[in-house]
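The next block holds one structure in the form of structure tokens; read it before the comments.
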Amino acid sequence: MKSNNTGSPNLAPIRNTNTRCGSITCKNGGSCLNMGGNKYGCRCDSSGQWLGTDCSIPNPCIRISCSNHGKCYYRTDATYYCVCSSGYSGNNCQLSTATSTIANAAIPNNPCVLKRPCFNGGTCLPKNNIRGEFTCVCPQYYTGATCQTKISSAATTLTTTTSSNTCGICELKSRIDFGDRIVNGQPVYTYTWPWIVSLQIRGSHFCGGTLIDAYHVITAAHCFDSSGVSPTMYKVVAGLLNLRQAQSSNVQQLIVDRIFRHEQYSSTKLINDIAIIKLRTPARITSAVYPICLPNSNGNQDPQIGQSVQIAGWGYTNSATKQLAQQLQEANIEILNINGDSYGGPGCNVWTKQGLSMDKTRQICAMSRDTRIDSCQGDSGGPLIRNIGTKWFLFGIVSYGDTICASSKAAGVYTRVSAYIPWIQQKIKL
């Protein structure tokens, strides 16, 4: 070892081109450093892509972008956190403090602000203003109470849609009662139904859909009867309340990668009316954009005859004028016997008489006691939902009904989601 003029040793590490470094091997282009005293370490390549004692851990800040000029910092366990610039918050700095979103609301001792507990891009949501309690919404391939555990893509079949940490939570109460309706109804509260999305062609809404994880949306197969399934035709708009406010800070415009229509879908019988949209890039999970839970495949969670369920959408408020609701609408309806009459009208029997097959194992029949309340064109593909405890589940997809909305006693028909869980699992693996 050389000495400098003062007699003190030169402690600069000696670079060694060998990848073998004492008892470890430097990986991914890392070089060995002799630290002196039989101590060795790896210097990872200058690209910054690799971390760890042997340069084997991917730097999460390479693939993660902290929004709005936030800065990414990594931890030694390959998790990361963002330090946000003034005026922004959220785990990826995606939320503007000016918008007063649920996730960054001024809650006393807000754990999402004080602790920054969610790892790997998870979004922290305080629980209904209860001090110290929070929920982490995990991105794809991560799970756990704080999104700390990485899971393989093969293991994510429905993990991102059924985990208690990742679905079915809305922070504000709906103000639905039996007087509200989609046809000429009342506007929806912000974040009431954060899983509903607008499917659009060249900026125009044509169908609804429901986010089931960061990469996938469920809708109706018949939504693509006219325009086909070319992904370049469509956009998915999430976090939207008013169709005229697509540039709002909470709105995400998402590019479609693939569209899967059910292989046995029949446009004449309107059976198997279900499709899945795969997004090219994941939706950012926020208070305004949040996946819903999926039910069990055995149907034991499905709503029963006489029970109330909710529908929502931007469909026509008047089928004669074909005027879309600019503001998202919501309504309460009831589950009916698919083969029976109800409320003095034909119920779903009217469709059987017109030659359509009614299959209670694959379809749901529903309508309101008030025949002025109905889903309508443009609501197609949207959700029929019901809560179980504090979680909301997707039980139906708006399929078809009378062409003259809310003016007859014919009930609406909805695709029964529980009947298609194996098919959904198969498609979201692709």
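Cβ coordinates come from backbone N, Cα and C, glycine included.
Unlike curated entries, TrEMBL annotations are predicted automatically.
Copied from TrEMBL, the annotated features are:
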type	residues	note
DISULFID	Cys84-Cys93	disulfide bond
DISULFID	Cys138-Cys147	disulfide bond
DOMAIN	17-56	domain 'EGF-like'
DOMAIN	57-94	domain 'EGF-like'
DOMAIN	108-148	domain 'EGF-like'
DOMAIN	182-429	domain 'Peptidase S1'
Between Cys84 (disulfide bond) and Cys147 (disulfide bond), the C-alpha gap once rounded to whole angstrom: 20
Position of peak Cβ density within 10 Å, selected from the disulfide-bonded residues Cys84, Cys93, Cys147: Cys147
Pairwise Cα distance for Cys93 (disulfide bond)/Cys147 (disulfide bond) [Å, integer]: 17
